[in-house]
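What follows is a single structure, written as structure tokens, with notes after it.
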């Protein structure tokens with residue numbers, strides 16, 4: 001219902017610097033005016049939009065002062081929801097905030113449902129559906145590049161691309177249906193429409209091609225550190241984390257289980273997994289660790305194969321490399337600081353061992369080469385494609401990907417039917433379905449149950 005006024009806590013519950021209670025709806029200003037006494041100046045109902053007022057929240061029944069607050073007023077349509085919005089900035093105590101919220105609810109507001117503020121922004125035309133989902137992507141972003149992609153969506157770059165494709169598609173549909181309804185006046189459909197349909201399909205394919213990178217931005221890159229025992233895998237993990245997370249020892253087999261930590265590497269969120277050294281062992285506990293390492297490697301998006309530059313390439317290193325050749329790899333020569341002699345030979349051996357795989361020499365102990373490693377990770381993930389300023393927005397949402405895949409299926413079917421000379425009404429059925437799937441992304445054809453599912457993922461105050 002858009003004819004009532006909603007309220008909710010817009011900041012995390014508990015103690016903090018401030019707590020913000022947000023109201024939206026036609027009665028938002030009037031409701032707060034009944035419980036807000038400004039320190040000076042006129043009543044809140046005459047306050048100009050986008051201004052702050054200092055005062056006290058007073059219970060009109062008991063006359064008790066509940067908190068000293070700052071109240072901001074944003075009048076429709078120039079607000080997040082395109083409705084009148086009031087935000088009450090309370091002191092950050094849980095009790096004071098709760099009492100103010102309860103008073104607001106007793107005075108005429110209704111407690112908002114999860115995501116209802118953003119849903120109102122969508123229903124009032126302030127945001128389309130892809131932009132509304134971008135709000136949640138911004139909140140959940142775990143990397144700088146993920147945040148950049150989410151902001152790109154919020155600015156409407158994805159929506160514009162989808163809208164352009166949909167507009168061209170509906171134009172072809174209009175021509176096709178006019179040809180069916182008025183064959184004598186309109187004549188046959190221009191063959192150029194088929195060529196444009198192929199271009200629309202290519203545009204959908206370009207968007208789908210960004211999904212893998214988009215998935216890594218939202219889910220994080222699974223990175224396994226592997227190698228024979230005692231090559232410095234745990235030291236590398238500690239160096240990347242800049243903390244002593246894993247036990248480091250000269251005794252082979254010290255790491256007997258996988259250790260997982262999250263960090264930023266090359267602008268991406270990486271779920272870094274330090275694995276037990278890969279070798280044949282009679283030790284039961286170490287064998288369990290090796291088995292878990294193999295499972296982690298199988299699930300990894302990227303594998304860092306670590307070798308010891310000090311001791312040089314060993315047969316065991318070659319066996320490790322052979323066991324992971326089906327993965328995306330970076331070869332890391334560690335302990336560069338301990339190579340006192342023949343450094344050029346050691347690096348040449350590393351190059352020969354790595355072959356066509358990217359390689360980098362590092363000193364986990366001294367922190368040398370880690371920036372180069374981050375760049376290698378970035379190059380592999382982006383594949384030479386720069387995220388910022390790209391013409392093609394990234395697909396980071398699994399719902400968008402599914403809609404595009406369904407759209408593609410119907411476009412391909414329509415093109416095939418057109419090429420085979422099948423009846424125009426059959427072609428139109430596929431084209432309408434393709435257009436509906438594009439509309440689902442930006443919300444022009446979204447069903448109520450889909451909206452319920454999307455906005456239920458939001459917190460109550462958003």
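Cβ from N, Cα, C; glycine included.
If you check Swiss-Prot, you get these features:
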BINDING   22, 87, 126, 462  (6S)-5-formyl-5,6,7,8-tetrahydrofolate binding site
DOMAIN    220-382  domain 'TrmE-type G'
BINDING   230, 249, 251, 254  K(+) binding site
BINDING   230-235, 249-255, 274-277  GTP binding site
BINDING   234, 255  Mg(2+) binding site
Least buried by Cβ count (within 10 Å) of the binding-site residues 22, 126, 233, 462: 126
DSSP-derived structure type at residue 233 (GTP binding site), helix or strand or else coil: helix
Candidate with sparsest Cβ neighbourhood (10 Å radius) among 230, 234, the listed binding-site residues: 230
Alpha-carbon spacing, residue 233 (GTP binding site) to residue 462 ((6S)-5-formyl-5,6,7,8-tetrahydrofolate binding site), which is rounded to whole Å: 43
Chain-internal residues near residue 87 ((6S)-5-formyl-5,6,7,8-tetrahydrofolate binding site), provided their CB is under 8 angstroms and they sit 6+ positions away: 10, 20, 21, 22, 23, 71, 72, 74
Collapsed DSSP category at residue 22 ((6S)-5-formyl-5,6,7,8-tetrahydrofolate binding site): strand
Where residue 87 ((6S)-5-formyl-5,6,7,8-tetrahydrofolate binding site) falls in three-state DSSP terms: strand
